[in-house]
Amino acid sequence: MMTFTKLNFIFLVGGIIIYVVDIGLDFWVVSKYFCQGQYSWSILILGFRGLSSLITQIFSYEWFKNDWEGTNTGKLKWIFLVHLFQCGIFLRYWFALKYGCQAAFKQNSMGGASETDPPNFMQKRAVDVVTDINMLRVFKTFLEATPQLFVQIYILVEHGKNNICQYAAIIMSFCGISISMVDYQISLRKSLPDEDELHLLPKLVYLFYKLLTITSWILSISLITVLSVGSSVVLLVFLWSCGFTWVLKQHTAFCKSKKMEYLYRAVVAIILIFSFFNIKGRNTKACISIYYATHSVVTLGVLFVYTFWKPPVIEDLHFTAVSILMVLSLVLGILSLVVYYRHFHPTVYCRPQECSDEVDGEAGQRMGNERFQNFIMQ
């Protein structure tokens, strides 16, 4: 049975604190770059945050509207205003604290109750609202934290500027990615039938797999950008196009409306630039092999070009450190991937989505934890 424990509540509070600190740190970094006359970096970082906030608010409000369909429209108007002012995530955190506190601290010790009884009902409610937050944080991770990490590493390699502000931004990006990935995997396990709770070792292996492969890929793109900004832009656009085409062929049915479904597919295509996700809960051994084989070829190709072209940046100590970290992260990340899929990956997935482009009507009517079963799987 899905449970929300006192430890879950503590992690929830910690997640809120980190979210607020991350916002403050972003504006601190932007102000530093602005004062140094680096207006392009300031605009770029603000752009990532703005895009991430806008998309997460759109999905958050859409989910509220779907879940509260047929209820008091006055509440939905207030919720719309909250999301319009980019504060929807704080509203969701408020609900999570409210239900989480009741589930973790105020429930009585009645055992074997049905789901309609107060203790179990509140447990499910707390798990569902936290699951929605974790889905939104996955969007935030790949729309904001990961691109910001790429920008900061590029600045470090290309310009060699070292300051506490820059290192703090890099560390916070890594923390954001790590927490988001682990929380996402925990929520996935809770949403799958007959799956055990994710223990410490699987969490660490999954974290290493995601974090190391993402780190290696970001370093590779950063080195390509140092050589040619235009080439990296073309590569990213090409990868997004490939990802979007693949997602279209998967015939996802996550949203109720076609417009929201296409937005969801576009966002998933951005996520696929940086990391592989199985969006249908099906066997994708061939797809994931091709995906990381392509990353490996590009990474080795970048090192080959630097070794034989010998651009001026290769004499910088940063390049040596980045190259070693890039290869090491790739190797360890793929090893972690193999270990995770061999020993810890869920073998029983939820009911697959219907293979249809039709996203209106019953196919899109998901509520609570059922919505997560049609999100990006792994």
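Using N, Cα and C of the backbone, Cβ positions are placed for all residues, glycine too.
If you check TrEMBL, you get these features:
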- 7-29: transmembrane segment (TRANSMEM)
- 76-95: transmembrane segment (TRANSMEM)
- 167-186: transmembrane segment (TRANSMEM)
- 207-240: transmembrane segment (TRANSMEM)
- 262-279: transmembrane segment (TRANSMEM)
- 291-309: transmembrane segment (TRANSMEM)
- 321-341: transmembrane segment (TRANSMEM)
Leading contact stretch, 76-95, 167-186, 207-240 vs the transmembrane segment (7-29) - CB distance under 8 Å: 167-186
Contact call for the transmembrane segment (321-341) against the transmembrane segment (207-240), three or more Cβ pairs under 8 Å: yes
Close approaches to the transmembrane segment (76-95) from elsewhere in its chain (Cβ under 8 angstroms; 6 or more beyond its ends): 12, 16, 19, 53-54, 56-58, 60-61, 64-65, 68, 129, 132-133, 136
